[in-house]
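Peer 1: Below is one structure. I have some questions about it.
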């Protein structure tokens, strides 16, 4: 029958639309797993970048003065931004596809259920009408047969002479009644047949086609929505490509900014010792006993210099000795006294291998190379000692300024707390202020101590004019004399040396470098920071514990993104990553604003 065939079509459509819903669910699951992969990948990249960031108070922070170290740090920061773009991909996949498909799935299921409910209801109605029509038809058929039998019985009774007239009349009335019932059944059957034909026509030409059309529209919308999501899936990646490309460009730019010659000069400046290379070793003629005996005190015996081939130049060096009252012909003193003078004051003999009979100063040189020695750097030559003391003073002054800046910042923060008690307790700042005051007093005491040593060194050193005069004589000496004797060729007034001499000797001490007295500021590499996806960047000058609501904790030297400038209340709004942001005292950070900052 036709109705059953239509019911089969509904069954097929129901299976197909159910498969369509399952496909949407499968695609949603696919996008969700992709989003999870992006999130995990971004987390691993961030952890990798954080793992290789320079640690506070470590050698890595000191090494940041080299261009290749700064380039690597820039690459790590850009890699962190690169990870942020993958987090953006995961967020957009979730908001633009997964959430949208989840809501659409509920609507699709409800719409599908409504359409099939209407279809089943129409199918049941037409089937019920069909059954009622069949019932009318059978009743009409039954009544016709009953009327025929009643007519035949009447005719039989009417032909039988033995039947009374009353029986014949009864049979005639029965036949008439049956004919009337058959006529009524025929009328009902005819009327209901017309009704059924009309309902069947509406069912197959109006109701069912409408339901099928709605199902078709529903399927087309579902397919269209899947297509839109697949396009969005690609667009989400495409949207971050410019920023990812910029991160990669910054990495390339950082790599191209590496300057090998600049880094090598840094090493030269850091490790030069101030000593000149030793000169030629003298020939000692052991075949002449008298001269060999005299050589035992050749270090202090001026007459031996006269016997040597280069004795004329040796005589010119005596005016440059600090104690000019001494004559080259004065009474010679023991060798141990001269060695003690060499160890405690200024090293006038720079050729360590020129001492007779294997007398060397290896222990003194080792102390210089390894950086060990007294606190006042008295083991160094005057010029090097002055540089070391001046460097130590500069370092102490920087520390004092840093402590004073921090004290000013804490004072300002205390004023903010006083004006706004909800931001914090003013009394909580007092212990730190007391500690900073004590630190400043200690540092000022150290400054006074080193200033005293520096003044002592500068008093002992010759004046600039005298130094220039002696340097000119010394330069003339070197130009006119063959370098055979390291004592006469390498010695300069009071053991001081020029920068060219220092750079010449740095190669000799590269296995045991002398540590530099000061370390460059770590934030130098961020002065040329490119624009970030914010209004700028900042560096934390001091640690800040953000215990109050709306604030964020930062560590000293940490780099952050600036979201909002100080509006005059003493607070700057910063962000560490996509979901960590808050306020820090403006005086605690150094802000670098960029006019062409990019959005994060």
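Using N, Cα and C of the backbone, Cβ positions are placed for all residues, glycine too.
I grabbed these lines from TrEMBL:
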| type | residues | note |
| --- | --- | --- |
| DOMAIN | 1-263 | domain 'F-BAR' |
| REGION | 272-334 | region 'Disordered' |
| DOMAIN | 379-456 | domain 'REM-1' |
| COILED | 386-413 | coiled coil |
| REGION | 461-528 | region 'Disordered' |
| COMPBIAS | 474-487 | compositional bias 'Polar residues' |
| COMPBIAS | 498-520 | compositional bias 'Polar residues' |
| DOMAIN | 533-594 | domain 'SH3' |
Peer 1: Given pairs 6 or more apart, does the domain 'REM-1' (379-456) have at least three Cβ pairs under 8 Å with the domain 'SH3' (533-594)?
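Peer 2: Yes, the stretches contact each other.
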Peer 1: On the DSSP side of things, how many residues of the domain 'SH3' (533-594) fall into helix, strand and coil, could you say?
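Peer 2: The composition, in the requested order, is 3 helix, 32 strand, 27 coil.
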Peer 1: In the domain 'REM-1' (379-456), how many residues does DSSP call helix, how many strand, and how many coil?
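Peer 2: DSSP classes over the domain 'REM-1' (379-456) add up to 72 helix, 0 strand, 6 coil.
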Peer 1: Mind looking up the mean pLDDT for the domain 'F-BAR' (1-263) in the predicted model?
Peer 2: 90
